[in-house]
Amino acid sequence: MNGGHIQLIIGPMFSGKSTELIRRVRRYQIAQYKCVTIKYSNDNRYGTGLWTHDKNNFEALEATKLCDVLEAITDFSVIGIDEGQFFPDIVEFCERMANEGKIVIVAALDGTFQRKPFNNILDLIPLSEMVVKLTAVCMKCFKEASFSKRLGTETKIEIIGGIDMYQSVCRKCYIDS
């Protein structure tokens, strides 16, 4: 075995996916692995680099397609990817990198604000050695939240935003609103 594998961190908005991604990458850095993180370049809510909703920043390459950063990451053994659901080539990229012996850690939404699947992320599940689904806290009733709900009437899937545009909600609060 070459040691390459895929770790997938999924869940709704505000569940700590990016924070967990950063935590895992930092663990590998402490162990002297060469690490790189990649963020979706259209996500510029807080500035350059990878940002958590609580304003923690981590250095990251930016791309809209992962194949565009292949040359830049050849010397790294750990690759962290944030907002994985937005990369059209996420499945092929992760499988290739893991097969080449790299550790790939992906943080992504598993469902849209309409509770429809991000199919590219679901396609990663059978290819991943580790899958963790995080929950958030329902912003209406304060129970466990597994879903993201968009505020407003916009129906386009790729609308990048934070607490101003989305809430994490439980099943009951999703259905009731």
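Sequential numbering from 1, following the chain as shown.
Placement of Cβ uses the backbone N, Cα and C atoms for every residue, glycine included.
The annotation ATP binding site is assigned in Swiss-Prot to Gly11, Pro12, Met13, Phe14, Ser15, Gly16, Lys17, Ser18.
If you look up Swiss-Prot, you'll see Glu83 marked as active site, proton acceptor.
DSSP assigns Phe113 (substrate binding site) to coil in the three-state reduction, outside any helix or strand. Per Swiss-Prot, substrate binding site is recorded for Phe113, Ile157, Glu158, Ile159, Ile160, Gly161, and the stated evidence type is similarity to another entry.
Marked as Zn(2+) binding site by Swiss-Prot: Cys138, Cys141, Cys170, Cys173. Around the Cβ of Cys170 (Zn(2+) binding site), a 10 Å sphere holds 22 further Cβ atoms from the protein chains shown.
Separating the Cα atoms of Ser15 (ATP binding site) and Cys173 (Zn(2+) binding site) is a whole-number distance of 16 Å. With every protein chain in view, the residue among the binding-site residues Gly11, Pro12, Gly16 whose Cβ has the most Cβ partners within 10 Å turns out to be Pro12.
In the three-state DSSP scheme, Glu83 (active site, proton acceptor) is classed as coil. In the three-state DSSP reading, Ser18 (ATP binding site) counts as helix. Burial estimate for the binding-site residues (Cys141, Cys173): highest at Cys173, by number of other CB atoms within 10 Å. Counting only the Cα atoms, the space from Phe113 (substrate binding site) to Cys138 (Zn(2+) binding site) is about 14 angstrom.
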